[in-house]
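These notes concern the structure reproduced below.
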Amino acid sequence: MSASALFSNYARSGLEFDRGEGIWLVSKDGRRFLDCGSGIAVNALGHSHPHLVAALKEQAEKLWHVSNLHVVTGQETLGKRLAEATFADKAFFCNSGAEAMEASIKLARRYHYDRGEPERFHILTFEGAFHGRTLGTIAAGGQAKYLEGFGPKAPGFDQIKAGDLEAVKAAIGPQTAAIALEPVQGEGGIREIPVDFLRGLRKLCDETGTLLILDEIQSGVGRTGKFFAHEWAGISPDIMAVAKGIGGGFPMGVCLATEEVAKSFAPGTHGTTFGGNPLAMAVGNAVLDVVLADGFLEQIQSRGLSFKQKLASLVDSHPALFEEVRGKGLMLGLKCKIAPADFVAAAREHELLAVPAGDNVVRIMPPLTITEEEIGEAISRMEKAAADLESKLTVEGAAK
Ligand SMILES: *Cc1c(COP(=O)(O)O)cnc(C)c1O
């Protein structure tokens, strides 16, 4: 028997953290790591943000859980605030990204069912997508490595390549309920969906009565410098899945929709025991206090631009390691010529955390509160990691 009593579904780094302070994570052995991963885009306001800590503590002394059999005041408040700040009229709170996406898929199907078109249950998705790890969302994501060995793929998901509107048009049929996509693919490798393509999808959806579902679980809540990434394209979805950053580290998700669509979730159609509990709602409301404060999103845009420019210089000065820098705001990616996990490991040696993704990309997604000075520090650590890798390449090259 191995030492850990945990399932072996993760290849962990071995690092063990004791506490966090802003953008910094302190390991048990006292090393300070600059966190450019944010627990996979979750710690939107960094670690131990005083406003979030205070909100959670205050709620913890009052009330933890009552279930959705009763009114949860925090849900009413947060729902209204989200409705005011987005396209949406209504919110359904849950506990994770996959659940927010499952709710979105179910809602789209139920909407057509309610309109007398139960055969419209197919969801059109795109290559490189990631929508979660439930049986429904692995079918939506369509990636063979996540589907393998888990029985037949759930029916009703059709996948095509992003970027070709004619192909989308051809793929929309009498069975199509919705098109679902991430405006910036996260796990897929920080791949931005072009704004013209998003606008084209909106138009195709309007013409065919198809619903547009956006998965903004990773790209939302300020990550790209807008409250939600689709705002860059000036379009809005009918349904949107949100999680990760909205809880600032407290597990929560939310499915948002227009009134017309949301009403298909009539009493009894869908539910959750834990979703929207008072603790999560207290933290979610506190996250919005900061993210929607005057100037915060603009600050993300300017810090993101600065970080991206500095990453571009890093790419230029290490052409053997890197190909390009991608992304918007503080959702950035370094496309590598080496294995991204190798760069992540080398950076860890210099106490910098980043996250590998698909398409040979390393994700750089620091807390949205990162300062200019911390960006400079992050770059200098990445420079050191790059230098280590380059000298290794030289040694290997010489040995051949
Ligand atoms: C993380 C993620 C999910 C899944 O969220 P979980 O909370 O892990 O279930 C779904 N879609 C996208 C775009 C994500 O980044």
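Using the three backbone atoms N, Cα and C, a Cβ is placed for every residue, glycine included.
Among the features that TrEMBL reports, pyridoxal 5'-phosphate binding site is placed at G97, A98, F130, D215, E216, I217, Q218, T273. Annotation for A98 (pyridoxal 5'-phosphate binding site): spatial neighbours H131, G132, R133, T134, T137, G253, criterion Cβ-Cβ under 8 Å with sequence separation of six or more.
In this structure, T272 (N(2)-acetyl-L-ornithine binding site) belongs to neither helix nor strand by DSSP; it is coil. Taken from TrEMBL, the feature N(2)-acetyl-L-ornithine binding site covers R133, T272.
Using a 10 Å radius centred on the Cβ of K244 (N6-(pyridoxal phosphate)lysine) and all shown protein chains, the other Cβ atoms total 29. TrEMBL lists K244 with the feature N6-(pyridoxal phosphate)lysine.
Across the residues annotated as binding pyridoxal 5'-phosphate (G97, A98, F130, D215, E216, I217, Q218, T273), the two Cα atoms farthest apart lie 25 Å from each other. According to DSSP, R133 (N(2)-acetyl-L-ornithine binding site) is assigned to coil rather than to any helix or strand. For the pair I217 (pyridoxal 5'-phosphate binding site) and K244 (N6-(pyridoxal phosphate)lysine), the C-alpha distance works out to 6 angstrom. Among the binding-site residues listed (G97, A98, D215, Q218, T272), G97, A98, D215, Q218 have a CB atom closer than 6 Å to some atom of ligand 1, in sequence order.
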